[in-house]
Amino acid sequence: MSQTRGKYDFCIGLVLAMSSSIFIGGSFILKKKGLLRLARKGSMRAGQGGHAYLKEWLWWAGLLSMGAGEVANFAAYAFAPATLVTPLGALSVLVSAILSSFFLNEKLNLHGKLGCLLSILGSTVMVIHAPQEEEVETLDEMSHKLGDPGFVVFATLVVIVSLILICVVGPRHGQTNILVYITICSVIGALSVSCVKGLGIAIKELFAGKPVLKHPLSWILLLSLTVCVSTQINYLNRALDIFNTSIVTPIYYVIFTTSVLTCSAILFKEWQHMAADDIIGTFSGFLTIIVGIFLLHAFKDVNFTLANLPLSLRKDDRAANGTLLNTYDSFNDDEESSACLGEMQSTESLSARRNGSLSAF
C-alpha cells in the first residue's frame, strides 16, 4: 500500500513539476507580447520607467502564469524528490525558447535546437532513474531529519561559506568574478528548497486537519524561507546586472542544482538504496541537461543553421584549393614574365647588332 502511495505521489510531483515549467516558460512569452504591443502603441516602455504595462491584459496573463508556475513548483516538492523537481526546472527555459521562436519571431539556431533536444533527453533519463526519498509525512519526522548530524554540519558549512562570500569576498571580487554572487544564490538555494519541502509537508498536514500552525517548526521554516529567498533574489539580480544573462543562467543552473542534489542526498538519504545503474543514469541525465542548457544559451546570438554547415565546408575547401591555385598561378606568371623578359632582351640584342652597336657584345 505504501509503495503504491509512493508511486502515486511521484506521478503527482512529476506532473506538477512539468506543469510549473510550462507555466513559467509561457509567462515570459505573454509578458514580452504585452510589452511589444505597448511599444507599438507608443507607450513609455518599462525600461524607461513607464508603467503602462499595468493596463495590458497580456502582461497580467503572464504574471498570473508565473504565479501558477511557482505554486505548482512549490507543491511538487511536497510529492516528489527534490532530485527530480529541481533539474526539471530547466524545462522552463526550453519552453520559453521554443515558444519565442513561434510567437516572437526569435529564430532558434542549430545550437539552440540541439540544446532543446539534449534537455528533453536528459530530463527523460532523470525521470526514469529518479531516486526514491525516505518517507517524511509529518512535521515531527521533518524535525528529526533536520536535526540529523549530517544535515546540521552541511547547513552550518553553507551558512559559514555564504557569510564569508557576502562579507569578505563579495565586496572585493563580486564585480569582477561571476562565481561569487552566483555561488551565494546557489548554496543558499539548497536551504530554501529544504524549507519549501518542509512547508509542503506542513500544508498537507493542514489540509488533513492537524494543528500545524501551533507547531514551532512551521514558523521557523517560513522565516528561514523568507530570508533565503530574499538573499537569493538580491544576489541573483546583482549577477544579472553586472554579467551577461546568457552566461549567468547556465552557471547558476549548474551550481544551484548541484547544491540542491547534495542537500537532498544528505537530508532525505535518497542515494542510499539506489542501484548503480540508477545513480549513473541520474548523473548522466543531469550532465545532458547541463550541456543542453549551455548550447541553448551560450550560442543563442550566433547565426548558424543546418544550411550553413555544407556552405562553410565548401568555403574551407575553396580556401584550401585557392591557396594551391594561387601558388600555381603565381609560378606560371613568373615563368611567363621571365619568358617575356627574355624575348624582349633577345629583340633588343638583335636590334643592337643590326645598328652596329658594341653594346650588343
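Including glycine, each Cβ sits where the backbone N, Cα and C put it.
Features as listed in TrEMBL:
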- 12-30: transmembrane segment (TRANSMEM)
- 57-79: transmembrane segment (TRANSMEM)
- 85-104: transmembrane segment (TRANSMEM)
- 111-130: transmembrane segment (TRANSMEM)
- 150-171: transmembrane segment (TRANSMEM)
- 178-203: transmembrane segment (TRANSMEM)
- 215-235: transmembrane segment (TRANSMEM)
- 247-267: transmembrane segment (TRANSMEM)
- 279-299: transmembrane segment (TRANSMEM)
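Long-range contacts of the transmembrane segment (85-104) within its own chain (CB-CB distance under 8 A, at least 6 residues past either end) are made by residues 13-14, 17-18, 20-22, 24-26, 28-29, 32-33, 36, 69, 73, 76-77, 112, 115-116, 119-120, 122-123, 126-127, 193, 249, 253, 256-257, 260-261, 264, 285-286, 289, 292-293, 296-297. Tertiary neighbourhood of the transmembrane segment (57-79): same-chain residues 9-10, 12-14, 16-17, 19-35, 37, 85, 89, 92, 193, 196-197, 199-201, 203-204, selected by CB-CB distance under 8 Å and a gap of 6+ residues from either end.
Highest Cβ pair count under 8 Å relative to the transmembrane segment (111-130), across stretches 150-171, 215-235, 279-299: 279-299. The transmembrane segment (150-171) makes no contact with the transmembrane segment (279-299), as judged by fewer than three Cβ pairs under 8 Å among residues 6 or more apart in sequence. Long-range contacts of the transmembrane segment (279-299) within its own chain (CB-CB distance under 8 A, at least 6 residues past either end) are made by residues 83, 87, 90, 93-94, 97, 109, 111-112, 114-131, 245-247, 249-250, 253-254, 257, 261, 271.
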